[in-house]
Amino acid sequence: MLRFTVRRLVSGVILLFVISSVAFLLLNLGAGDVGRRILGPAATADTVALKNEQLGVSEPVIGRYFDWLGHALTGDFGTSWFTSQSVEQAIFSRLAVTLSIVIGATVVSGVIATVLGVWAARRRGWADKLVQVIAVLGFAIPGFLIAIFLVNVFALNLHWFKPTGYVQMSASFTGWLSSVTLPIAALSIGAIAAIVQQVRGSVIDAQRQDWVRTLRSRGLSENRIVYKHVLRNAGGPALAVLAVQFIGLVGGAVIVEQIFAIPGLGQISVSATAQGDVPLVMGLVVVVGALVVIVNLLIDLIQGFLNPKVRVS
Amino acid sequence: MTEPLLVVEDLHVDYPVKGWRRKPFKALNGVSLDILPGECVGLVGESGSGKTTLGRAVLGLAPVTGGSIRFKGAEIGTLSRRERRRLSEEIQVVFQDPYSSLNPSLTIEQSLTEPLRVKKVSAADASRRVRTLLDQVGLPSNAAGRLPREFSGGQRQRIAIARALALSPQLIVCDEPVSALDLSTQARVLDLFKDIQEATGVAYLFVSHDLAVVRHLSHRVAVMYHGEIVEYGPGDKVTSDPEHPYTQRLLLAAPVPDPALQEQRRADRRRLLDAQNEMALQSGAL
Amino acid sequence: MTESITNVMPDTATEERAARSHLARRLLRNGAALFAFIVLGLIVLAAILAPLLTPQDPNFANIQSLLSAPSAEHPLGTDGAGRDVLARLLYGTRYSLAAALLGTAIAAILGVVGGLIAGYYGRWFASVSSWVISLIMALPGIVVLLAARAVLGPSLWMAMAVFGVLLAPAFFRLVYTAVVNVRGELFVDAARVSGVGDFSIIGRHILSVVRAPIIIQFAFVMGIAIAIQAGLDFLGLGDTSVPTWGNMLNDAFARMYKNPVLLVWPSVAIALTSVALALFANALRDELERSGRVRVRRRRVRGTAPAPAVVLPADVVVHPETTADSREKLLVVDSLVVGYDQPDGSLKQVVNGVSLTVRQGEVHGLIGESGSGKTQTAWSILRLLPEGGRIVGGSVVFGGTDLASLSDTEMRKVRGRRISYIPQEPMSNLDPSFTIGSQLVEPMRIALGISSADAKKRALELLARVGIPNPERTYAAYPHEVSGGMAQRVLIAGAVSCEPDLVIADEPTTALDVTVQAEILDLLRGLQKELGVSILIVTHNFGVVADLCDRVSVMRDGLIVETGPVRAIFADPQHPYTKSLFDAILEDGAARGHLEHAADRHAPAGGAAS
């Protein structure tokens, strides 16, 4: 198990390295005249050149890359070209906000999808049809449309929630809860749709296995067979989908944060991209990449726990 | 003196095992065997003995790592895929599973003409040949236009035999061709194999786990155990009075369909196992 | 973003295609699919005919009429910049569809070609490409798109090209898995032996198998492409000079408080297209899966197709008992009829009125060929028929109670405790996720109500009794760590663990090697004598019957044709079917002898004989 973990960790670090290298080279090769972009058309050629020298963008890309890598390894991602704020600060002050929404949506969708999926697989008939319809619609309709719909109905018409804004969890828990309910709901529906299909399919598959008949022949109750044996065997494939969904949710958060005006990673991603703020975009790429690596590692570990065969190989 | 059709000499086949620096799995460990024209050589063994691998090696479907396979005097163990294709007129195959050995979406005619079309036989000639083949394996000629799923296991196996015969090969590798079939079907398909051999003079390498099946059809029988041939000789001798301890165990392990004889065989088997255990103990003590 | 890679492949890809000829017809009869076809058709039509449907220029901003209400000139009104909403919607359809098509096409070409090569040839290309694929999949797509936008600027087509690369894994993994599966099929081997070249094999045998799944995936991915493209424009990161649904949403969202209706048109367009694509893909997948399911079931009950709906008058040959058997009747099955509900509402009978009696301490063989209904009979005694199967008539009286009339809870108390079961395939009948020990302990704790310490002690004793050399190690092992023979011993231990009166063994040695089979038969005989338990053993092997059974019943087409003491039937079979089975037995037949023409010319052809 330890070797398994170490191997996954090493491959995660390599992945992160490759991603950041490619991103750095592409971003810097395409950056163009950075000083002019920052200072605007009114600035003189001299001040633009001075700015470019300050930022170091006139030097060769390779040298700058190793410079950046050296600092990044110590946790220093430089400063934003536009706000002069340090990249780590800009990102970490918002990371918690985004994570609270994404993790919330992962938990909510995981739980609801499992319950619905098992229900559909066991009941079949109309329950199954209903869940299938929900899954198709939830899967097909883009999350941001759902978000816009939720804002219009629950915030603008019913006034149950505020349409925009974010309350820190430390400031007021109920305030926080009320501010993240709609974003989490908007994010979860698509994820539920994808996971529920997988849970349903794996449970139906598992129920058709020969060993289920043998367990029944030993006098075990149907509930015990489903919740102990079938669900554990169906868990692996479902978790794999959950991992993919988590990555998808991080992406979805970018749009949803924009709609609900939530000051998370999504917001600075959009503004940093639109401005071409290379240090900030690089920081975001690394942080999101690391997040993905960590989540995949966690899922792999749980998979290993669930499936003894994975543990061995 | 008849030259052997196929000579396998000191053949080794290793399958790589997944994982870093794992030792490869030795499926065949120095196997030698020969088949004469028109002969049926039975190859018996239990799962994992390497009997199927030997068949696949002759067909060019297994990675040969050592030794040689000579067909009519020419080495065929190390041919490239391209060179191998020319051998399709000489060596053919009938597989065990009649369900996956025919592409479910092709009609019987499409499956049967596949080898012919590769040899650039005209469509009309190929179609005529299909009728002959179907007739030869005892199927009506209107079977040609239908899909595999419309046929039973035994009928599909007849179709697979027809496909193997399409190019009039000199050797057919039969990999457990009757073990998926019911008792009564099995007997009929075995008779078909025999009739075809008598009519065409084709040679068989007949792989099976069932001594009774092999005995029924084979002129000579080879017994495989752990990737090696432990006994090789006339079919009658090997399947009724074997010399190797493993073949003796194998023979007595199969229950006879007669209550009185089976009781006798059970006692024989017990005695044999006790004797072999004692011998093993003694040789271990020495 | 790559969530579309779920279950697109049906279970056994190659078998599904057999029913494809009927697929198009069935799809048209499927309501959802028909709806999807019509909607998609209308949308495509709207895109093509946009210039004919509206005279307005989608980009012409009339500052005189901002956010105007619908009028004859502007049927859907104007937006915040005074542009005609209908024109933007229609032209938007063009751009949105074309962009999504571009992205999906790039993804499909990269993924399908890569998947075919990696799947068919394997080796280094497969390793490298699957590494690249997992790298792409690990990235949140939208972040990459944002980064790409920072490099490449706001271009609709460039964004979609990047997006195509990002979604290539959806196709790659699908094609790769399918190709690896098909490559292992025997018909591909047969084609290679027939001299068919690699390209013909890919085209003829492999591409045809993955074609339908690729179409399904294409529809799913295109739905995602539409959503992502709209999302980018909605964020204001797209090319604002092009009228797209996303740009319309962006503009409408900014004016949500003033004129929320503007949100409706692009939302409806996006949602309708996405839903239609998903419905189409889903319907196609369902139809493919359905044909697969029917097939699987057909194979299970194969050979019983001509089964009549009424019970045939059976000419059962009953052999007289050689000695008066005073043992109590433990199980009396009377006129049992078992059927499966078919999708069209009919019932397919697989057991047509079976009657048989098992006495206390007797080993009763139930022999027949595949499709004779012997396993169905065994399962219905335990009431463990697969989905759709049920006892239609007759009774199963066990120890004085009719099992067919018990409630599920009552039946559960019978299973394991009074009647237990030994399956055919040892490896697939143990739950792979739990240790062997826990699978032995769990039923004992429930059925016998003993403590877990006692149950463990008993489990270890049982493992030793069934001949497992190291009980402690096997107790802690997972099923995949033991051999098939060992697994069957474990299952036998489980079957006798709660001291049942009757064990139903369904072909318990069929999946095993001959030498292992002999050991398992010895074990069953020993346990039967020791515990005095009755055994009903289902088999197709007369050797097994001769070895183990006291009495035997011969089944054909869901009916018993002959029954009686084993020695009587083996000595003097009466029913023509039983006779034909005995005739087919090879065991006592003559060997073929030497190859004659070779033997004529020289000494026995055993030149290489050892």
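Every residue gets a Cβ built from N, Cα and C, even glycine.
The feature domain 'ABC transmembrane type-1' is assigned by TrEMBL to C:93-281.
The feature domain 'ABC transporter' is assigned by TrEMBL to C:331-582. Regional average pLDDT for the domain 'ABC transporter' (C:331-582) in the model is 92.
Per TrEMBL, transmembrane segment is recorded for C:27-50 (among others).
Long-range Cβ contacts of the transmembrane segment (C:95-121) within its own chain (Cβ-Cβ under 8 Å, at least 6 residues beyond either end) map to 43-44, 47, 129-130, 156-157, 159-161, 163-180, 183, 198, 201-202, 206-207, 210, 214, 217-218, 221-222, 225-226, 228-230, 242-246, 269-270, 273. Summarising the annotation, TrEMBL assigns transmembrane segment to C:95-121 (among others).
Annotated transmembrane segment per TrEMBL: C:128-150 (among others), in sequence order. Beyond its flanks by at least six residues, the transmembrane segment (C:128-150) meets 1-2, 114, 117-118, 158-159, 162-163, 165-169, 172-173, 176, 228, 231-232, 237 of its own chain at Cβ-Cβ distances under 8 Å.
According to TrEMBL, the transmembrane segment annotation covers C:156-176 (among others). Long-range neighbours of the transmembrane segment (C:156-176) within the same chain, counting only residues 6 or more positions beyond its ends whose Cβ lies under 8 Å from a Cβ of the stretch, are 1-2, 4-5, 8-9, 95, 99-100, 102-108, 110-112, 114-116, 118-119, 126, 129-130, 133, 136-137, 139, 141, 144-145, 148-149, 210, 213-214, 217, 220-221, 224-225, 228-229, 232, 238-239, 242, 244.
Residues or ranges marked as transmembrane segment in TrEMBL: C:214-232 (among others). If you look at the transmembrane segment (C:214-232), the same-chain residues 6 or more away from its ends with a CB under 8 A from one of its CBs are 1, 4, 8, 96-97, 99-101, 103-104, 107-108, 112, 141-142, 145, 149, 156, 159-160, 163, 167, 170-171, 174-175, 238, 244-246, 249, 266, 270, 273-274, 277-278, 280-281, 284-285, 288.
What TrEMBL records for C:263-284 (among others) is transmembrane segment.
Distant neighbours of the transmembrane segment (C:263-284): 23, 27, 30, 32-33, 35-37, 39-40, 43, 76, 85, 89, 92-93, 96-97, 212, 215-217, 219-220, 222-223, 226-227, 230, 245-246, 248-249, 252-253, 256; these residues of the same chain sit at least 6 beyond its ends, with a Cβ under 8 Å from one of its Cβ atoms.
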